[in-house]
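Comments concern the structure below.
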Ligand code: ATR
């Protein structure tokens, strides 16, 4: 019998690490998985998804710029995807219904907690950005019960909107929105979810948000230290982590949803770093 078909869909897609990650998971677990990358036309995402499942495909990861469309076209959504407004994982259930899930937030939390030993409970956290990437991770972060979570964004109204959207998941966490310049006290953890550093830009933060115990996490990754992480280290941050672990952890969570098997991630992260 041939291997089960999976793929990541995006545009562009040629630089995606997902095929490598999933093939490493498949060989490690012995699962019969054939995982490829598909570039969908900008205006042809739905057709690409339909065609993939029509030819027997079992599951898809979805990346930029199609996560919102993946969410919208699903028949059913996992609770964590519902609030995220975006999906990175699609599959068909036993009734043939298209199900959307979002494993990005779980991926971030797993990387922070399991791989980097941070307990988010009681922490004072600053999240930078209020776009799709941040919306996708707020629920899983709040579920770990930080003491305070401040969302800072260039367009403050978008941060305000996220505070309103996630108020019902905040529990005892103090949830607040502001502009980048406003916070001046040090945070325990600062998570960069803006796309600013993709362009080499930096959010205009007060250097005093970085204390000697501050850990920073950039949701993007690069072969060298990211612009944001380098800035934070220059201000005296204790540790700077990039998003490679998050990428591998969100993939592992998708693999677990599809195959019912949890791959080991540490060796895969190490291989990708080399
Ligand atoms: P994504 O899916 O990556 O989150 P997005 O929804 O377009 O993409 O959101 C991009 C985020 O990065 C937003 O928070 C955006 O700020 P605005 O809401 O004010 O647009 C932020 N961002 C992008 N470029 C930035 C820059 N040069 N400086 C600061 N923030 C920036």
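Backbone N, Cα and C define each Cβ position, glycine as well.
Together with 16, 17, 18, 63, 88, 104, 221, the shikimate site in TrEMBL holds one more listed residue from 39, 235, 250, which is 250. Here TrEMBL has 129, 130, 131, 132, 133, 153, 154, 155, 156, 157, 158, 219 binding NADP(+), and the candidate from 105, 107, 243 in that same listed site is 243. According to its DSSP assignment, residue 88 (shikimate binding site) is coil. Cβ atoms under 8 Å from those of the domain 'SDH C-terminal' (243-273) belong to residues 6, 17-18, 20-22, 24-25, 28-29, 31, 33, 58-59, 61, 88-89, 91, 101, 103-104, 106-108, 110-111, 114-116, 217-221 of the same chain, restricted to positions at least 6 beyond its ends. The record assigns 129, 130, 131, 132, 133, 153, 154, 155, 156, 157, 158, 219, 243 to the NADP(+) binding site, and the maximum Cα to Cα distance across that set is 26 Å.
Spatially close to residue 129 (NADP(+) binding site) yet at least six residues away along the chain are 151, 153, 192, 193, 194, 195, 196, judged by Cβ distances under 8 angstroms. All protein chains shown were included, and the count of other CB atoms within 10 Å of the CB of residue 243 (NADP(+) binding site) stands at 24. Among the binding-site residues 104, 129, 154, 156, 158, 250, residues whose Cβ is positioned under 6 Å from ligand 1 are identified as 129, 154, 158.
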